[in-house]
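Listed features, source TrEMBL:
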type	residues	note
TRANSMEM	7-23	transmembrane segment
TRANSMEM	29-51	transmembrane segment
TRANSMEM	63-85	transmembrane segment
TRANSMEM	105-129	transmembrane segment
TRANSMEM	150-175	transmembrane segment
DOMAIN	183-465	domain 'Na+/H+ antiporter NhaC-like C-terminal'
TRANSMEM	195-216	transmembrane segment
TRANSMEM	257-279	transmembrane segment
TRANSMEM	285-303	transmembrane segment
TRANSMEM	315-333	transmembrane segment
TRANSMEM	353-375	transmembrane segment
TRANSMEM	449-467	transmembrane segment
């Protein structure tokens, strides 16, 4: 590999610095900002390189999309709060004679049900169940873990999601895979080999019912919530502004659980799934915009003044600003990692290790490292698929075999690991936002479970490699 495509071990410094600082200071914004400044300094651009990095990173279609998505989601959540929809949903669910365990199982099933969007899922589960889990003294860290672990790990297993379309699109032209149909079939055959995703989803259920005991920071967080009634620790900084958390229902009107909660959710699901079916991509941002507009019209007909509706929408947008700021810096660090060749350097380190028996395991390991360091699962897929899958085809004589499927799954699973638990990942941020949890508290409590699943997955891939 051309050494000019990366900065050697210095390529890892900004991402590693951001992660270490985030854990030690518990301040994600500060950590990301420092990492970005250090990165542009390494590249010889000095302090003036930081504003240019922000302009390059944030002036993209991708960031504009997630910015609008966050704003529209904040608006919908604020409308839910103002109409008492979440409170009414909480009372309705509570009337079903739920227990503390059953409440968590509801979140687990809800997360799996909203499989079509890893952005909508953690926000939906977290925001709708937060009042209920608070009442049953479930820590915000546990809620964020449930919401996060049923988002990306579920989406990557379902063939009718944007994840499946993206991954299968990368496979076209590799070995005997010539058409989109061939690629989707290869993706489907690889799904059973996606050990990390399957085990991540299963682990949540096992933890909830107590088959897998709590350990590490999560055990302490749950003990605090149950014994002291503190759903988040003293001094925590929940990743949801007070504009949203303190928003009170409008008491002088009669609202409907169906019109003010169920219908908007159905609109989001229908638009997202419908556009995926007919247009090939789920228009999640447009789905939330449609839900916000319909819900705003309903609120006006229910007697809420237009001025109040607009103030509520503004409060919702303000409430998600902490998450938007973290996402902006995370996108900037991701762009910086690309410019410094972070992923190229990690791949360079892995090439001498590739062999038939080690291919799935090494692929999973390095995909996980890249995704964790960059916070981008799809970026990891785009890097690792063209490297690992052709190697698998060379080793199998251009034949679709279990080794090929295991390699595809290893890339997907490794990418999901980073998306699932990196403090730099957008979906990790969204899980913290939906659950109104301190972002680093969520990361610290979730990582031990993610690492346990990753370790088992690595062992399974080693066994698969030696068995094939």
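Using N, Cα and C of the backbone, Cβ positions are placed for all residues, glycine too.
Any TrEMBL annotation is an automated prediction that lacks curation.
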Practice task
Would you kindly list the residues that approach the transmembrane segment (63-85) from elsewhere in its chain, counting only those six or more residues past its ends and only Cβ-Cβ distances under 8 Å?
Solution key: 57, 119-120, 123, 127-128, 243-244, 247-250, 253, 255, 257, 260-261, 264, 268, 284-285, 288-289, 291-292, 295-296, 299, 302, 304, 308-309, 312-313, 315-320, 323-324, 327-328, 331, 426
Completion exercise
If one takes Cβ-Cβ under 8 Å and requires six or more residues beyond its ends, the residues near the transmembrane segment (195-216) are 101, 104-105, 108, 112, 145-146, 149-150, 153-154, 156-157, 222, 364, 409, 412-414, 416-417, 420, 445, 448-450, 452-454, 456-457, 460-461
Handout entry: Close approaches to the transmembrane segment (257-279) from elsewhere in its chain (Cβ under 8 angstroms; 6 or more beyond its ends)
Key = 76, 79-80, 83-86, 88-89, 92, 114, 116-117, 120, 124, 160-162, 286-288, 290-292, 294-295, 298-299, 302
Handout entry: Contacting positions for the transmembrane segment (315-333) when only residues 6+ beyond its ends and CB under 8 Å are counted
Key = 14-15, 18, 28-29, 32-33, 35-36, 39, 53-54, 57-58, 60, 62-63, 66-67, 70-71, 73-79, 239-245, 247, 374-375, 424-426, 429-430, 432-433, 439
Completion exercise
Given the transmembrane segment (449-467), its same-chain partners at Cβ distance under 8 Å and 6+ residues beyond its ends are 145, 149, 193, 195-196, 199-200, 203, 207, 218, 356-361, 363-365, 368, 402-403, 406, 410, 413, 417, 420-421
